[in-house]
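> Here it is: the structure, laid out below.
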Amino acid sequence: MTAHEVNFDGLVGLTHHYAGLSFGNEASTRHRFQVSNPLLAVKQGLLKMKALADAGFPQAVIPPHERPFIPALRQLGFSGNDEQILDKVARQAPRWLSRVSSASPMWVANAATVCPSADALDGKVHLTVANLNNKFHRSLEAPVTEALLRTIFRDESRFSLHSALPQVALLGDEGAANHNRLGGEYGLAGVQLFVYGREEGNEKRPARYPARQTREASEAVARLNQVNPQQVIFAQQNPEAIDQGVFHNDVIAVSNRQVLFCHEAAFARQERLINHLRTRVDGFMAIEVPADEVSVSDAVATYLFNSQLLSRDDGSMLLVLPQECQDHVGVWRYLNKLVAEDNPISAMQVFDLRESMANGGGPACLRLRVVLTEEEQRAVNPAVMMNDALFTALNAWAERFYRDRLTAADLADPLLLREGREALDVLTRLLDLGSVYPFQQTGAADG
């Protein structure tokens, strides 16, 4: 059956700021306390979406979350109306205000793990929401992510959506950022590669930075998504790579159809994994980048592997890269050599995503890949599909509501909270989402 990969990109939220909240993500730490530009950030993301949609790649959007998230502050013991709570937390515990104001939901590669209908025992598309429990600011995302995905994938006869795993360390799940699918045509059954950083009883784990994904979580997600057990492989990420800032597998590897593009130091027992994939995937091709051409640290700094690998109609592939790759002499030299060689990757497209990149999120972080048949794609909420009209509407929406300068101190501004809620009210109508946010369901306690 004919199927296509649809990229659902996250819209950057109004409170996009640099707070260094993500230990293990070196870009996040390095840019802490810099001044951000939320308007530029959302426009950079929209330009990438529109350019790829215009090039014939199906593209959709996933909305941002409500931030600052006042219910989390109430749960932490701050009381009063919303404005009083903002004032209290800004004076007493400003770090908590930054945590509940993170725009991290824009990195929707962490929203869920997806199983196409061709791989599922029941023939439905499955999505399991990620619990993201390694970081407090990201652990807040799952309930609203689930609500948003339910408004996008509404047809329960075609889509099965699963709530996040329990919020315990043993079941740490970071979503599609630690998941690859390999195979032939999108509509045919593929092999799903789940990548984890640690497992109970295995002493092989990173020493410096946390391994966010557990094997136990990956196995549970595969069960929830009803992936055919004959089509699943579990592999450990190289702990030494995690300690160099590879906090998700999509910072060191990307796959598309029969191609796995990765660093030679991406996986534990990598040679064995590659040989196993050769026996499981027809026409499998591993493009392993040697350390003497691109080091792990340079791969992390440029997000070479946090790229999108997209199939074109002629069977060749396009590599979508951040500007940082072109700016790095060694990485750009390697990439030009790569596209000149005999392999499916024949073209590159570079995007300026510096606002997201400074927080540690490249092109691949910003998108959730969902393989859909033509019938399944028609069952998706049509209002979220990118086209000329939506691009124009979202740019006008951003111009109306987004600030072009934001610091951590600005998060305490009650006007920012009101601006955000008004913006999301307008957006839910624009994208036909209904009352999906908590403030819309309970009413804002603004005194």
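The backbone N, Cα and C atoms fix where each Cβ goes, glycine too.
The active site feature in Swiss-Prot is assigned to Glu174, His248; the stated evidence is sequence analysis. Annotation source Swiss-Prot lists active site, nucleophile at Cys365, citing sequence analysis. As annotated by Swiss-Prot, substrate binding site applies to 19-28, Asn110, 137-138, Arg212, Asp250, Asn359.
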> Going by a 10 angstroms cut-off between Cβ atoms, which of the recorded positions Ala19, Leu21, Cys365 has the sparsest surroundings?
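Ranked by other Cβ atoms within 10 Å, the recorded positions Ala19, Leu21, Cys365 bottom out at Leu21.
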> Identify, in sequence order, the residues in the chain of Glu174 (active site) that are 6 or more apart from it along the sequence and have a CB within less than 8 Å of its CB; answer 'none' if there are none.
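The answer is Asn110, Ala130, Leu132, Asn134, Arg212, Gln213, His248.
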> At a 10 A cut-off on CB-CB distances, which of the recorded positions Arg138, His248 has the highest count?
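Buried the deepest by this measure is His248.
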> Rounded to the nearest angstrom, how far is the Cα of Cys365 (active site, nucleophile) from the Cα of Arg138 (substrate binding site)?
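So the Cα of Cys365 (active site, nucleophile) lies 14 Å away from that of Arg138 (substrate binding site).
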> Helix, strand or coil at the residue listed as 'active site, nucleophile', per DSSP?
coil
> For Asp250 (substrate binding site), which residues in the same chain are close in space, meaning a Cβ under 8 Å from its Cβ, but six or more apart along the sequence?
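Once residues fewer than 6 apart are set aside, Asp250 (substrate binding site) is near Ala109, Ala176, Ala177, Asn178, Phe305, Asn306, Ala364, Cys365.
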> Under DSSP, is Asn110 (substrate binding site) helix, strand or coil?
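Reduced to three states, the DSSP call for Asn110 (substrate binding site) is helix.
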> Counting across all protein chains present, how many other Cβ atoms fall within 10 Å of the Cβ of Asn110 (substrate binding site)?
28
